[in-house]
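K.L.:
Here it is, the structure, as structure tokens.
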Amino acid sequence: MARAIQFTKMHGTGNDYIYVNTLRFPIARPEKAAIEWSAYHTGIGSDGLVLIGHSDKADFSMRIFNADGSEAMMCGNASRCIGKYLYEYGLTSKNVITLDTLSGIKILELHLEGRTVETVTVDMGVPLETDTIDFDGEFPFLSTQVSMGNPHLVTFVDDIRIVNLSEMGPKLEKHPLFPDRTNVEFAQITGENTIRMRVWERGSGITQACGTGACATAVAAHLTGRTGRTVNVVMDGGTLTIEWDEATGHISMTGPAVKVFDGTIELRE
């Protein structure tokens, strides 16, 4: 049986997802839909699928499925886009929205130009754990492990241009030290409180940007004495401003949310 599903493709600093309002269009097998629809040659093309739904604990809920069908705990770029979607499609008139995710309740603050959401600030909460990883000499670098509700491994290098991310990303993502796999970031300090970062996302591979990865990189940079608490993280798809509040310990992330197009696709269940 096939049904027509309305979707919106959006991106946050180039991290592109397919968004579906499951209050209108429920999807029974989102893992399958994510794999089929994310394919660039035979589907819509994206880094994954984001489902907007009901929550008893917040204004709305968010579920994220990577391009390989695995479910993600959290995505900062997707949460910003959801804020834009909810406001501009009339699901809410609030400019502060609570969002129920697998890594907890997130608070979105919308920054408007008239009736258009230009940027969104997300309270990403407190980094859950940090650790230094030396790989027992297997690799010629030290890395910092940071959890932002999902796992990240941040490595600082002198020149990010020489990093073969296609080779190192999957090696580190699937390293035995990380049985649940990890997201992988390589970063370079390029100026006072400015970081250049590239990312290999767990379940998606190389992407243009990663919001939680930018947050994890900012945390790692400050913990290792490289930057202050407010930084700009420059990624292939754009720049995010990350602030780590000293009083509360919370990380906030501010950046753009962009609608690409609306469409309808057939769902076979």
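Heads up, the Cβ atoms here are built off N, Cα and C, so glycines get one too.
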K.L.:
Of the candidates Asn164, Asn183, Asn193, which does Swiss-Prot annotate as part of the substrate site that also includes Asn15, Asn66, Gly76, Asn77, Asn150, Glu201, Arg202, Gly211, Thr212?
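P.N.:
So the substrate site in Swiss-Prot includes Asn15, Asn66, Gly76, Asn77, Asn150, Glu201, Arg202, Gly211, Thr212 plus, from the candidates Asn164, Asn183, Asn193, Asn183.
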K.L.:
Given the binding-site residues Gly76, Glu201, which one's Cβ is surrounded by the fewest other Cβ atoms within 10 Å?
P.N.:
Glu201
K.L.:
Rounded to the nearest angstrom, how far is the Cα of Cys75 (active site, proton donor) from the Cα of Asn15 (substrate binding site)?
P.N.:
10
K.L.:
Between Glu201 (substrate binding site) and Cys75 (active site, proton donor), find the distance joining the two CA atoms and give it rounded to the nearest Å.
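P.N.:
Their Cα atoms are separated by 10 Å.
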K.L.:
How many Å separate the Cα atoms of Cys210 (active site, proton acceptor) and Gly76 (substrate binding site)?
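P.N.:
Gly76 (substrate binding site) has its Cα 7 Å from the Cα of Cys210 (active site, proton acceptor).
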K.L.:
Quick one: which residues besides Asn15, Asn66, Gly76, Asn77, Asn150, Asn183, Glu201, Arg202, Gly211, Thr212 have a Cβ within 8 Å of the substrate site's Cβ centroid, in sequence order?
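P.N.:
Not counting the recorded site residues, we get Ala72, Met74, Cys75, Ala78, Val199, Ser204, Thr207, Cys210, Gly213.
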K.L.:
Give me the long-range Cβ neighbours of Cys75 (active site, proton donor): same chain, 6+ apart, Cβ under 8 Å, in sequence order.
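P.N.:
Those within reach of Cys75 (active site, proton donor), by Cβ under 8 Å and sequence separation of 6 or more, are Asn15, Tyr17, Gly48, Val50, Ile64, Cys210, Gly211, Thr212.
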